[in-house]
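**Student:** This structure is in structure tokens; I'll ask about it shortly.
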Amino acid sequence: MTKLSVNINKLATLRNSRGGNVPNLIQATRDIESFGAQGITIHPRPDERHIRYQDARDLKDVVNTEFNIEGNPVQKFIDLVIEVKPTQVTLVPDAEDAITSNAGWDIVKNAVFLKEVIKTFKSEGIRTSIFVDPDTKMVEAAANTGADRIELYTESYAHHYAQGHKNKIAIFTEAAKIAHKVGLGINAGHDLSLENIKFFKENIPNLLEVSIGHALICESLYLGLENVIPMYLHRLEK
Ligand SMILES: CC(=O)[C@@H](O)[C@H](O)COP(=O)(O)O
Ligand SMILES: NCC(=O)COP(=O)(O)O
């Protein structure tokens, strides 16, 4: 089964644009879960331009499904995750000034650091995942860090799919096969959408979770969250 984790960053962006509490993230989280989502993802960034660190604390007792917190494991982020104790932490090497995540880890280069951070989170009972490009060398290296899962960075898949180049899925399929072979669970995310999710699901064996935010919220402007979430669930069925 592939779980759908809805990334609510964009709802926080909308809220922050007016400085008040509309839309209310707590209510939205409850609604998103009631519409069938099996997880909630947030990605607080150092400048807190969308999700704030306080949102993570406020959502701790609200999320009844899987709570996934993504981010670059700087000390402030590590402390937050240990305090909130989500189901899963996803480590993303995002630069402070990046508009959005734009690369997976160089796991070979950062192996010592990642091993240490992962050990810390696992000792707190938090499942760990590493954001990674579909590069078999990096996937193999991920297994040596002690991580439970990888999150395949799907921006290049989505980009090529939109241009009609479906064959770019092959490197993701291969990366997923290697991950499974070395004992890693497989998550995926970034720019997945109603248009490209079905083909991705059909071609990625053992896909445990997709986290989707930007496209899902944009699609919901036209169709409504209560319709869009079941549409994703349908496309993620076997
Ligand atoms: C790791 C990943 O791909 C997502 O977390 C994505 O980066 C969402 O972050 P933004 O909402 O800041 O674009
Ligand atoms: N981990 C990916 C994620 O949470 C959402 O990415 P996107 O759908 O906003 O591109």
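Counting begins at 1 with the first residue displayed.
Here the Cβ of each residue, glycine as well, is placed from N, Cα and C on the backbone.
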**Student:** Given that TrEMBL annotates Arg18, Asp191, Gly213, His214 as binding 3-amino-2-oxopropyl phosphate, state which candidate in Asn7, Asn24, Asn203, Asn206 belongs to that site as well.
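**Tutor:** TrEMBL names Asn7 for this 3-amino-2-oxopropyl phosphate site.
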**Student:** Considering the 1-deoxy-D-xylulose 5-phosphate binding residues Arg45, His50 given in TrEMBL, which of Thr100, Thr120, Thr128, Thr136 is annotated for that site as well?
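**Tutor:** For 1-deoxy-D-xylulose 5-phosphate, TrEMBL names Arg45, His50; of Thr100, Thr120, Thr128, Thr136, the listed one is Thr100.
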**Student:** Check the recorded positions Arg18, Glu151, Asp191 for any whose Cβ is under 6 angstroms from an atom of ligand 1, and report them in sequence order.
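**Tutor:** Passing the 6 Å Cβ check against ligand 1: none.
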**Student:** When you tally the Cβ atoms that lie within 10 Å of each candidate's Cβ, which of the recorded positions (Glu151, Asp191) has the highest tally?
**Tutor:** Glu151
**Student:** Would you list, in sequence order, the residues of this chain other than Arg45, His50, Thr100 that have their CB within 8 A of the centroid of the site's CB atoms, where the site is the one recorded for 1-deoxy-D-xylulose 5-phosphate?
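**Tutor:** Everything else in range on the chain: Asn9, Thr13, His43, Arg49, Ile51, Asp94, Ile99.
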**Student:** Under 6 Å from ligand 2 by C-beta, which of these binding-site residues make it: Arg18, Arg45, His50, Thr100? Sequence order, please.
**Tutor:** none
